[in-house]
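What TrEMBL says about this protein:
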- A:10-19: compositional bias 'Basic and acidic residues' (COMPBIAS)
- A:40-61: compositional bias 'Basic and acidic residues' (COMPBIAS)
- A:112-221: domain 'Translation initiation factor IF2/IF5' (DOMAIN)
- A:1-61: region 'Disordered' (REGION)
Amino acid sequence: MKKKKKKKKEAADKEKTEEEAAEPSEFGDLPPKRKKKKKTDMLEFEKQLKEGDEVENRQDDDIFVGEGEQDVKETKVEEAWLNSDRDYTYQELLGRVFQILRQNNPELAGEKKRYTIVPPSVHREGNKKTIFANVADICKRMHRQPEHVIQFLFTELGTSGSIDGSQRLVIKGRFQQKQIENVLRRYIVEYVTCKTCKSPDTILTKENRIFFQQCESCGSTRSVSAIKSGFKAQTEKRRRQAAQ
Amino acid sequence: MSEIQNLQTYDPFADTGEEEAGQPQGYIHIRIQQRNGRKTLTTVQGLPSEYDQKKLLKAFKKEFACNGTLVQDEELGQIIQLQGDQRLKVQNFLGDNGIDKNIIKIHGF
Ligand SMILES: [Zn+2]
């Protein structure tokens, strides 16, 4: 994340210096080659910007919230009608009621503690591996055994991997943070949140080789499907191994 | 994802362990796998047997402009393998041709 930001800034700086450099030569002769290069740089820069946005503009109900990102929204409920002579709308008034209620009696406003998880910290190692560094942390937050979560990750991604010495998950293949997030989100829907009351406060137990999910909030129990890998295509490497 | 449990066609009291025995359970699974480098592979498992798999593969290849093969798996039956990430295209294609989208499960990232 930080690295990306830095990159972006660098690109912006580069853009700037290039612009400055280009300006005086507008009167003189600017080689066309250079202009072309600038254009591609601009495209690259825009692409980077977009990529950055994707990570930064999280939705309000996203469970993956970085530390410090949380609850920024609540403080800015604006009472827009104050600065004009129009009437307030119903929605605005409703917002005001809830804001005051939240300030004074949060429990009356139906304020539940939002279930959030730090985003997975994902980066590439070399050309063919991906490191998911905070897997243990995220499993703890979900109250799930890492083995179960990792099994799900591997089957969904159609790959394999291992845990390294510092408890990080090494995944074969290239995966982006967003992609890992998507798989984790599906895991949470299928194995963590209670289908009855939507609470994420559940435990997973195994009885007679069937997994049961029990809700700590409402007490309901349901069986959850086993993680099945299904069909796995033979990639060339494995075929060679099998031949040996 | 959060369908109403009561409306599902399977017996909720059946032993769910049954599923593990490799029975397709009527679901069509569309998966993705990475090959060497940045190349990907899409597999389609559990297509209804009343469809001619060869014809389906041919239609997929033509429609998505990709290569593909038919693989016979001992337990899971016939699998269609396509080059590249064709998951959404396969889902839409099957949906447009009268297959209930609820029995199609897309896996992967
Ligand atoms: Zn519950």
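The backbone N, Cα and C atoms fix where each Cβ goes, glycine too.
Just so you know, TrEMBL annotations never went through curation; they're auto-generated.
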Worksheet entry | Segment confidence, the domain 'Translation initiation factor IF2/IF5' (A:112-221), expressed as mean pLDDT | 92
Worksheet item: Per DSSP, what is the residue tally for the domain 'Translation initiation factor IF2/IF5' (A:112-221) in helix, strand and coil?
Response: 36 helix, 29 strand, 45 coil
